[in-house]
Amino acid sequence: MKWSVRGACAALSSCLLLACALSAAAVGLKCFSLGSELRGEPFRLGAAAGAFYSGLLLAAGLSLLGAALLCCGPRDAPLAGSEPGPGLGVPAAPAGAPEATPGESGAAAGAPGPVSSQNLLLLGVLVFMLGVLSAFAGAVIDGDTVSLVERKYSHYCLPPRAPGSSPGSAPGSTPGSAPGSAPGSAPGSAPGAPRARSTLDSATSAKCRQLKDYQRGLVLSTVFNSLECLLGLLSLLLVKNYKSSQARRGRRGRRRGGRALARPRGGSGLRAQPPASRARRGRRGRRGRRLQQRPSEASILSPEESDLAAPGDCAGFAAHHAVSYINVGVLHALDEAGAEVRCGGHPSVELPGYAPSDPDLNASYPYCCRPPCETPRPWETHRAC
């Protein structure tokens, strides 16, 4: 079996993570048993088993991921030039083809293999992520429990100091002794501290040893949980990279196999172009010619629309040039019956200082120029439209 660089890195990180998960599960089980023994008086501690659950979840997730990648992976990507196997790439039978024989139907029945592989891969990723999250939570909880156990140990297991004792005092004298005290009184008070220590050790020695072991186990559990978080995320990235590279190799192999099948066996080496591709290319050419730029119907610069609005046709000009002209006045004109009508322009009253017939305003206000439909004909000076 040939391993790539990505596959080797993913396998190495997965093996390290599996060893770390199993070690964390063992340490978590030991911490759970010690915490259950220390639950009563005088410590009143709880059993922290975060490493145990995270180790089990990570081991189960790695097993599912390995089964999905190793056992079901080679069926998804057939080799280039080989016959299509019972997976992806099985061509559909044409319309006029005869029915398949029982042997061929048995070969085609292996199509649900990739589906089950994908389901197994998704299940493995889900369990794996649950293990990583539980490892993160276990690292936080175990770190807090370590500080709590340290306080419990210093309170219950360490012997109490004498009220007047200090670390810098002389071994033959006590700081609280009077200046005139006898020198023989100091040796008589010294054996009192060993008697108190021996009395404390005989009462709680077993519990204190268990508490110290529990603290060491919690420290190891915190370290293993942190390693599980880091190695878990690294392994997930490496497995994802390996899976994507494997899918790319499979697609490249199927593409080379398709080119090899499309090339004629005894020809000159040129690829035979199927009629479907020629028809598709012809449709692309026609679509490109059809999508050439056409002049817009609302374009003012279109040369074909110069004769759309004849002189006097205000309705036709307004239909094609709705926004090309702004008339700031009202043009009054007479129709054939002699009635006064409004032909185009703004429906407000005539603005002060504006005369539609004043040619000097056309240069200053080009938007006030009359459209061609409102320009009177030379022989019809009495009509505005």
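Placed from the backbone N, Cα and C atoms, the Cβ positions cover glycine too.
For the ranges 25-53, 83-111, the feature annotated in Swiss-Prot as region 'Disordered' maps to 83-111. Sorting the compositional bias 'Basic residues' (246-258) by DSSP state (H, G, I as helix; E, B as strand; all else coil) yields 13 helix, 0 strand, 0 coil.
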